[in-house]
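A quick write-up on the structure given underneath.
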Amino acid sequence: MIIQQVLLLLLLWMCLPHSCYAEMLFRRTTDHQPKGFVARVSGSDGKALHRQKRGWMWNQFFLLEEYTGSDYQYVGKLHSDQDKGDGSLKYILSGDGAGTLFIIDEKTGDIHATRRIDREEKAFYTLRAQAINRRTLRPVEPESEFVIKIHDINDNEPTFPEEIYTASVPEMSVVGTSVVQVTATDADDPSYGNSARVIYSILQGQPYFSVEPETGIIRTALPNMNRENREQYQVVIQAKDMGGQMGGLSGTTTVNITLTDVNDNPPRFPQNTIHLRIPESSPVGTAIGSVKATDADTGKNAEMEYRIVDGDGTDMFDIVTQKDTQEGIITVRKPLDYETRRLYTLKVEAENTHVDPRFYYLGPFKDTTIVKISVEDVDEPPVFSRSSYLFEVHEDIEVGTIIGTVMARDPDSASSPIRFSLDRHTDLDRIFNIHSGNGSIYTSKPLDREISQWHNLSVIAAEINNPKDITRVSVYVRILDVNDNAPQFAVFYDTFVCENARAGQLIQTISAVDKDDPLGGQKFFFSLAAVNPNFTVQDNEDNTARILTRRNGFSRHEISTYFLPVVISDNDYPIQSSTGTLTIRVCTCDNRGNMQSCNAEALLLPAGLSTGALIAILLCIIILLVIVVLFAALKRQRKKEPLILSKEDIRDNIVSYNDEGGGEEDTQAFDIGTLRNPAAIEDKKLRRDIIPETLFIPRRTPSAPNNTDVRDFINQRLKEHDIDPSAPPYDSLATYAYEGNDSIAESLSSLESGTTEGDQNYEYLREWGPRFNKLAEMYGGGESDKDTS
Ligand SMILES: *[C@@H]1O[C@H](CO)[C@@H](O)[C@H](O)[C@H]1NC(C)=O
Ligand SMILES: *[C@@H]1O[C@H](CO)[C@@H](O)[C@H](O)[C@H]1NC(C)=O
Ligand SMILES: *[C@@H]1O[C@H](CO)[C@@H](O)[C@H](O)[C@H]1NC(C)=O
Ligand SMILES: *[C@@H]1O[C@H](CO)[C@@H](O)[C@H](O)[C@H]1NC(C)=O
């Protein structure tokens with residue numbers, strides 16, 4: 001036993017250190033199995049060790065993979081104690097690859113592998129061995145199973161699953177910050193030898209990164225790695241088996257490492273001073289310009305906020321940060337004035353919005369710059385001293401009084417004189433005027449509060465140097481009341497008193513109105529103009545008064561209408577009063593005081609007839625009367641004329657021809673030209689008749705001198721008529737009258753007065769005659785012609 005164990009140890013000692021190939025190992029005790037094979041183990045030197053004991057039992061053979069020899073690789077030998085070496089025994093192999101991959105010499109029991117074996121393909125083969133008697137074919141040993149185990153050699157290199165890895169790590173990370181882990185795999189047997197023991201190393205990427213040899217974890221290796229200097233790194237990692245020893249197989253991979261940004265850079269203004277300019281007229285809110293600081297960081301680490309932190313214009317300007325461009329826009333906050341201040345200086349600060357406390361030690365994350373803003377001059381319109389003016393003036397001021405003065409000045413440094421004018425559209429009645437030099441407004445017409453209480457004017461101020469630069473201002477003129485109107489009855493009172501009224505009876509309550517508008521309100525007083533025995537007025541002291549009877553019994557037959565003058569006065573200064581007359585009719589009433597009938601005139605007129613209608617009727621009556629009087633006057637005058645022959649006055653015909661007469665205006669219907677001077681007859685212009693003109697061509701022979709005998713004159717006229725071809729064929733009468741030299745009548749025609757034809761001819765020629773009658777018949781008598789013969 002002891003020998004056996006010593007042998008085994010010896011065998012182990014021989015095999016392991018020398019990477020020997022073993023034939024096999026076994027263990028056998030004679031106690032258990034009296035018969036059996038002796039397993040032989042041969043060292044590398046090929047020497048076989050012989051055993052004393054028989055046995056037929058073994059566990060496994062070992063065989064190296066990847067055998068590269070030209071002959072068959074020897075695996076081991078089967079041997080039975082029964083084998084006397086005479087060739088009577090036969091060894092038989094069966095199982096995985098028996099006969100093909102593994103062959104056995106049936107006489108000697110030597111097993112060989114026929115070709116190269118790859119462990120990574122199949123790590124062990126299970127086979128059975130048998131020994132039979134060649135003659136009897138009876139097994140001499142029981143069938144036994146054994147394993148051929150393939151020994152690994154390092155024939156696989158480590159491989160990475162990815163060809164390129166990408167990873168990122170924040171810049172400025174502390175040394176040793178883990179970036180990423182890469183792992184390689186090795187197909188070799190990890191349970192045997194070092195063939196699958198992988199060690200990592202860095203081939204490229206030093207000194208920035210390192211790799212842990214056992215784990216493959218990549219870590220940062222340099223402090224303060226700055227993204228702003230270099231962002232991308234390419235690291236090559238090698239994995240080597242055999243524990244990294246020489247001769248090990250290796251594989252590599254690439255890791256692209258990106259440094260991510262942290263806020264480790266403050267904003268920076270590129271310039272120390274920025275100049276901006278702005279016209280003074282720019283309204284509040286106008287953008288003047290922008291400032292921009294740069295930040296080496298990216299994304300939100302570069303976001304910043306602008307502020308005005310100091311300067312002499314901090315309240316005049318604002319700065320707003322524009323998110324998308326990261327600019328600071330400076331705007332006008334208060335109106336600027338070149339004349340007040342021309343240059344402002346601002347201190348503008350830009351500060352990062354997202355600051356990382358880890359980098360406070362790098363300094364403040366902000367920067368400042370100086371912004372100088374120049375205000376530029378603009379020609380500005382005049383400025384009034386107030387935004388509007390209110391002037392109050394009493395309505396009774398004299399025309400030409402100055403009611404107030406507006407003031408304006410030119411704000412420009414070259415102050416121009418101002419010229420004032422009134423916008424005439426706001427003073428259409430031209431009640432006001434303005435002194436163009438000094439802005440004093442005065443009245444040019446009287447004021448009347450009762451017509452217009454307000455005059456809202458617009459005054460224009462223009463610079464004399466630049467008349468287009470104008471400004472307007474509103475001037476409100478309020479007209480203050482003066483008591484210049486007397487109170488009057490509020491309405492027209494239609495009042496009556498009953499015949500059966502008793503003393504002290506109320507017949508009317510009266511009230512009054514006044515166009516004035518005194519501050520303390522209106523107060524009216526009522527009284528009678530004179531003492532009256534019939535009526536009295538009782539002032540109610542509330543701007544009304546009652547009219548009462550003073551005695552019993554009125555009679556409309558005695559007096560049908562009373563006129564009662566009532567004095568109404570106000571209490572303003574100066575006191576204004578008026579007298580209104582109340583008309584009180586006397587009426588019969590029933591005993592309840594309801595009016596039944598009033599005086600005669602009232603009875604005639606239908607109730608409710610208006611004053612207008614009454615006036616119209618009156619006018620008609622007057623016109624009729626005038627016409628009648630005119631006719632009468634005419635008639636009387638004609639009667640006075642000495643040469644009228646008979647009572648059959650031709651003028652009667654005028655009336656009988658229905659000449660209605662158009663009043664004094666109608667000179668055609670009532671042609672007072674009948675009384676004209678004969679010389680005026682030639683004036684035919686106003687005539688409207690349509691008788692052929694030949695009929696009227698004056699064929700007057702030259703008039704006899706003033707002292708010619710009248711008879712001669714008449715004879716001459718007679719002759720004319722005899723030879724007149726246009727005269728009617730029947731007899732006609734022509735009458736001629738002569739007033740004599742000293743007549744004061746001259747021309748009676750108002751139409752002729754002052755004409756050149758009235759040449760002091762004292763002849764008053766009348767040519768009346770039946771011919772007129774004929775003509776009148778011919779023309780219907782409407783447009784009578786009365787002055788032809
Ligand atoms: C890795 O980095 C290299 C060089 O910087 C670049 O050409 C390549 O495209 C990167 N690969 C990946 C997958 O990002
Ligand atoms: C403005 O000028 C007018 C006439 O030149 C003068 O009557 C008036 O008093 C002046 N107004 C003022 C406020 O001086
Ligand atoms: C004028 O202005 C006053 C005050 O603003 C106003 O009460 C009045 O109605 C205005 N009158 C006219 C005619 O515009
Ligand atoms: C008062 O009435 C009487 C009688 O009716 C009349 O004569 C008198 O004139 C009246 N007086 C006045 C002032 O009307």
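Backbone N, Cα and C define each Cβ position, glycine as well.
Just so you know, TrEMBL annotations never went through curation; they're auto-generated.
What TrEMBL records for this protein:
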SIGNAL    1-22  signal peptide
DOMAIN    80-160  domain 'Cadherin'
DOMAIN    161-269  domain 'Cadherin'
DOMAIN    270-384  domain 'Cadherin'
DOMAIN    385-489  domain 'Cadherin'
DOMAIN    489-603  domain 'Cadherin'
TRANSMEM  603-634  transmembrane segment
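Across the domain 'Cadherin' (80-160), the DSSP tally of helix, strand and coil residues reads 0 helix, 35 strand, 46 coil. Across the domain 'Cadherin' (489-603), the prediction's mean pLDDT works out to 88. Helix first, then strand, then coil: DSSP counts for the domain 'Cadherin' (270-384) stand at 10 helix, 56 strand, 49 coil. Counting residues of the domain 'Cadherin' (385-489) by DSSP class, helix then strand then coil, yields 3 helix, 48 strand, 54 coil.
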